[in-house]
């Protein structure tokens, strides 16, 4: 179903396709934990990261190696011919000749789709500015499936909903599962109107609030995001909203016992470390789930 296919946006996937990816990820979880595999032996994955990354870069690299493949890295833009003025299109054409697939993270929205236009091999979007982050969304859905439930879910997306690409992608995907979505943010960091409009047209129930206390006792999942400092054109505005939400043990009094707290990481001040040891915290398991999910994508796209 995904053979030789680009992974650019969650809007490109049906629920049936997502379910197949999640089922494949579950079957690969033992391999993600160390069981050997050689199904992608001889395949090469190119990692092109023009923005900082820890989890996405390392989990893709781990996923490829767990499947018996290898990776090559661009390094930084400053250390490549891009620093000499080479266009992204030309760089993609060249790298596509060295690898069987390309993972790209870039600060400009639409960059992954542009890369796909010129690439001779499949392109996987690892984040394009404030646009989309589909592989993060797939691991988020896998986490929700493992730790809670996907159907009839009540979820609060909290924090920077304007610049946070993870919540943009996740909102679209959740609409396929009939979720009730609460959007919790400062007024200046609201979810873009286009996305809210798209969700409404898809029949998704969406409610916007600024006070997390209004919804924290009602939801099954809290999806917390950091304020995206690097996206702010004005540092004064960033400082004004930087500590808008910070979850502590006290905030969890009276919540559902089965509440699960997620975060795409890295966190800054959004979740107190005291929450880490509660039954509600699943964000470190969430980070691990990136390995089997990305293994599933690579297997489905590249396996002969």
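Keep in mind that glycine also has a Cβ here, set from the backbone N, Cα and C atoms.
Sequence annotations record features per position, and here Swiss-Prot assigns carbamoyl phosphate binding site to 55, 56, 105, 133, 136, 265, 266. Under the heading L-aspartate binding site, Swiss-Prot lists 84, 165, 226.
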Rounded Cα separation (Å) that holds between residue 266 (carbamoyl phosphate binding site) and residue 226 (L-aspartate binding site): 8
Cα-Cα distance maximum in Å, computed over every pair in 55, 56, 105, 133, 136, 265, 266 that the record assigns to carbamoyl phosphate: 16
Cβ neighbours of residue 56 (carbamoyl phosphate binding site) where a neighbour is any other Cβ within 10 Å: 24
Neighbours of 55, 56, 105, 133, 136, 265, 266 excl. site residues, C-beta within 8 Å of centre, carbamoyl phosphate: 53, 54, 126, 127, 166, 264, 290
Residue 165 (L-aspartate binding site) and residue 56 (carbamoyl phosphate binding site), distance between Cα atoms, whole Å: 14
Neighbouring C-beta atoms (10 Å sphere around the C-beta of residue 165 (L-aspartate binding site)): 24
Rounded distance in angstrom between the Cα atoms of residue 55 (carbamoyl phosphate binding site) and residue 165 (L-aspartate binding site): 15
In three-state DSSP terms, the structure that residue 226 (L-aspartate binding site) belongs to: coil
Assigned element (helix, strand, coil) containing residue 55 (carbamoyl phosphate binding site), judged by DSSP: helix
